[in-house]
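Here Swiss-Prot flags Asp11, Gln12, Cys51, Asp302, His303 as Ca(2+) binding site, drawing on similarity to another entry. Annotated 3-oxoalanine (Cys) per Swiss-Prot: Cys51, in sequence order. Residues or ranges marked as active site, nucleophile by Swiss-Prot on the basis of similarity to another entry: Cys51. Taken from Swiss-Prot, the feature active site covers His102, and the record attributes it to similarity to another entry.
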Amino acid sequence: MKPNIVLIMVDQMRGDCLGVNGNEFIETPNLDMMATEGYNFENAYTAVPSCIASRASILTGMSQKSHGRVGYEDGVSWNYENTIASEFSKAGYHTQCIGKMHVYPERNLCGFHNIMLHDGYLHFARNKEGKASTQIEQCDDYLKWFREKKGHNVDLIDIGLDCNSWVSRPWGYEENLHPTNWVVNESIDFLRRRDPSKPFFLKMSFVRPHSPLDPPKFYFDMYKDEDLPEPLMGDWANKEDEENRGKDINCVKGIINKKALKRAKAAYYGSITHIDHQIGRFLIALSEYGKLNNTIFLFVSDHGDMMGDHNWFRKGIPYEGSARVPFFIYDPGNLLKGKKGKVFDEVLELRDIMPTLLDFAHISIPDSVEGLSLKDLIEERNSTWRDYIHGEHSFGEDSNHYIVTKKDKFLWFSQRGEEQYFDLEKDPKELTNLINSEEYKERIDYLRKILIKELEGREEGYTDGNKLLKGYPVSTLKHIR
């Protein structure tokens with residue numbers, strides 16, 4: 001039988017928030033084991049670092065220019081002919097997604113046979129006068145289950161935390177009622193009710209560590225009194241709190257009270273450790289069903305979280321905290337016959353997930369897919385790989401583009417004409433902006449030309465073919481609007 005495939009996706013987890021990736025403060029024993037005994041990719045990026053667009057890259061295997069989502073915009077229909085789920089389904093796999101989809105309409109199966117949905121608290125779906133839904137339970141299976149357990153009046157907002165807030169506190173109910181536990185509950189139940197005559201493709205999609213920052217008390221307490229590192233602060237960072245932005249609990253930039261920020265990081269780390277332990281629970285269950293050694297796992301996040309670095313928060317910007325993600329493959333049965341424990345430095349993007357997993361299952365990759373399969377890299381066959389990724393995000397005054405390679409990164413903020421350059425080999429934390437350095441002038445010019453080439457013909461008018469222009473940012477390109 002073909003291998004089972006499990007795609008484990010978390011939301012808003014930084015690439016540096018794994019012990020195996022050098023973080024000495026966070027405890028991620030199960031994930032560390034999986035990455036150490038598998039194949040770890042240290043230069044994985046999201047081309048559009050926010051929830052919807054990044055999920056489109058994973059779902060379709062396309063670049064942002066092709067799937068059309070270059071910023072954050074709810075309510076735009078998902079009508080893609082070929083998706084990762086549709087290809088597995090057509091190939092005879094039993095396909096299931098549990099957790100966050102963040103598509104529109106919310107119940108769009110996108111090729112899965114079934115979805116058990118919890119997108120978290122989404123303002124768009126909660127708008128009782130909007131077009132999404134006036135009955136939130138219709139698009140949230142977790143909330144329906146939660147109310148069956150605790151009463152029809154309980155709600156996701158009961159503990160007073162917003163879905164983008166830096167305010168944190170422990171989960172207010174029993175640990176086994178947390179959304180993180182629910183994803184694993186339903187994933188284990190899928191093992192019971194799946195078609196045993198077919199291989200399966202399971203997407204386990206956690207809402208955390210995305211806000212609300214509300215891990216169960218045990219996990220919050222693990223970090224609340226720890227001397228966690230201060231946020232990174234580059235020589236280019238704005239040290240002023242413009243218009244008191246840091247007082248906004250949903251701010252994307254500003255200066256936040258140090259005590260509150262420390263609690264936020266404790267809750268963020270606690271949420272990740274909670275996910276780690278629940279993934280360990282799923283591995284035990286899968287082993288009990290006798291399927292562990294015939295299953296290949298891919299773990300990834302949709303984007304990261306700045307968590308106060310350089311006085312930025314959340315995502316949508318091209319810095320490492322926002323754009324670089326954890327990415328590893330775990331193959332306990334050694335089905336891929338690669339050199340387990342290897343760390344790769346190739347530049348990856350989320351569009352590479354679909355062709356990689358289809359390749360693992362010996363399923364044909366549709367012509368619409370622009371990502372690259374990692375199978376040849378893992379099997380150490382001769383293979384060519386891309387030199388760079390072009391990333392972007394429509395974001396008002398902070399709309400941005402970036403070109404990242406193994407060794408450096410060029411950034412351009414289109415609406416204010418600001419450029420930055422970081423030597424990631426010498427400065428992986430992006431502390432020194434070298435845009436005006438004579439030593440790097442030739443390299444900067446080269447990367448700028450690459451960006452100009454990437455933007456030629458775009459509807460926003462970002463270039464005339466010779467230089468970068470301010471343009472008019474949009475969140476979705478016209479071919480999908």
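Keep in mind that glycine also has a Cβ here, set from the backbone N, Cα and C atoms.
All features noted in Swiss-Prot, drawn onto the structure.
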residue	record	DSSP (3 states)
Asp11	Ca(2+) binding site	strand
Cys51	Ca(2+) binding site	helix
His102	active site	coil
Asp302	Ca(2+) binding site	coil
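The residue listed as 'active site' sits 7 Å from Cys51 (Ca(2+) binding site), taking the C-alpha atoms as the reference points. Neighbour counts were taken as the number of other C-beta atoms within 10 angstroms of each residue's C-beta; across the recorded positions His102, His303, the minimum falls on His102. Surrounding the centroid of the Cβ atoms of Asp11, Gln12, Cys51, Asp302, His303, where the record places Ca(2+), the chain contributes additional residues within 8 Å, namely Val10, Met13, Pro49, Ser50, Ser54, His210, Ser301, Gly304, Lys315. For Gln12 (Ca(2+) binding site), the same-chain residues lying six or more positions away in sequence with a CB closer than 8 A to its CB are Pro209, His210, Ser211, Ser301, Asp302, His303, Gly304, Asp305, Arg314, Lys315. Neighbours of Asp11 (Ca(2+) binding site), defined as other CB atoms within 10 A of its CB across all chains, total 26.
Applying an 8 A CB threshold to same-chain residues 6+ apart, the list for Cys51 (Ca(2+) binding site) reads Asp11, Tyr72, Lys100, His102, His210, Asp302, His303.
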